[in-house]
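Report on the structure given below.
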Amino acid sequence: HQAMLTPNLSGSHPAFFILMGIPGMEKSHAWISIPVCMMYSAALLGNSILLLTVVKEHSLHEPMYIFLCMLAVCDLLLSTATVPKTLSILWSLSTQISFSGCLAQMFSVYFIFVAESAVLLAMAFDRYIAICDPLRYTTILTCSVVGKVGVVALIRSFCIMFPAIFLLKRLPYCGHNVMPHTYCEHIGVARLACADISVNIWYGVAAGFLSAGLDAISIIISYALIFRCLWGLPSPRASPRALHTCGSHLCVIAMFYTPAFFSFLAHRFGRHIPQHVLISLANLYVVVPPMLNPIIYGVRTRQIREHVAHLL
């Protein structure tokens with residue numbers, strides 16, 4: 001009966017979803033939009049300046065800075081896939097998103113997330129070679145290797161996230177189309193279905209573990225090897241610069257994985273966490289790291305700082 005009332009139903013899919021924003025905080029939506037808008041603007045500006053600087057300066061055409069560019073591109077895409085729609089919801093301009101638009105947004109968010117995770121792993125490997133095997137750095141990390149890393153990251157993201165679209169398409173929605181969120185997220189969409197979604201939940205857990213989970217474990221191992229290598233040296237052979245960049249990289253890693261794993265686990269197992277907390281976190285997660293990453297690298301890396309000053 002409910003399905004009969006929903007216009008324009010293709011099979012059992014709703015024609016569109018209605019995104020409610022942050023449930024329970026509707027009165028504050030306009031205020032919440034101010035910091036979101038400012039952080040998004042800062043992310044766009046910071047990452048664009050970083051990209052311009054590395055592209056224009058030939059001395060920065062090294063693997064470390066190329067990976068940094070990949071990170072900046074991921075950050076720009078991740079925030080742009082979500083924030084404009086979030087702002088239109090917070091400003092009450094448009095709360096609707098078509099069914100296919102919703103799946104496209106969900107795919108984009110996770111695709112970029114998994115790719116960014118791969119870039120952070122590549123950066124950890126880059127630091128490992130720079131510190132533990134500096135003499136072979138240029139022979140191991142050639143331009144073609146860096147390019148291949150980028151291509152493999154994209155292929156892996158696609159393979160991991162593509163099945164999620166079909167897992168959501170096969171579910172019947174029985175006319176349920178109101179979603180308490182500011183953007184489309186796999187389990188958020190699956191919860192609207194009037195069928196068993198355990199396959200979606202387990203697929204989400206497996207996909208998360210096989211991508212970001214394994215990447216995080218590999219990053220921990222590479223840093224364990226870096227520190228072991230440093231303590232094993234009688235005199236510090238590694239340049240202070242290489243160590244300095246490790247600090248920046250660790251800050252970025254902590255900011256990327258901590259909220260991601262928290263929100264990932266909370267969404268699946270945290271029944272007692274208030275919904276507005278989860279959704280506020282999900283929003284911070286797509287603007288805060290993209291805003292801070294270029295600042296962390298820009299402030300902490302002398303070469304970038306000098307070239308940015310020169311560019312400006």
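Cβ atoms are placed via backbone N, Cα and C, with glycine included.
The feature domain 'G-protein coupled receptors family 1 profile' is assigned by TrEMBL to 46-297. Under the heading transmembrane segment, TrEMBL lists 30-52, 64-83, 103-125, 145-168, 201-226, 247-265, 277-297.
The list of residues near the transmembrane segment (247-265) in space but at least 6 beyond its ends in sequence, with Cβ under 8 angstroms from a Cβ of it, reads 71, 113, 116-117, 120, 123-124, 127, 204, 208, 212, 216, 219, 223, 278, 281-282, 284-285, 288-289, 292-293, 296-297, 300-301. Panel annotation: around the transmembrane segment (145-168), residues 63, 66-67, 70, 103, 106-107, 110-112, 114-115, 118-119, 122, 186, 189-190, 199-200, 203-204, 207, 210-211 of the same chain, lying at least six beyond its termini, place a Cβ under 8 Å from a Cβ of the stretch.
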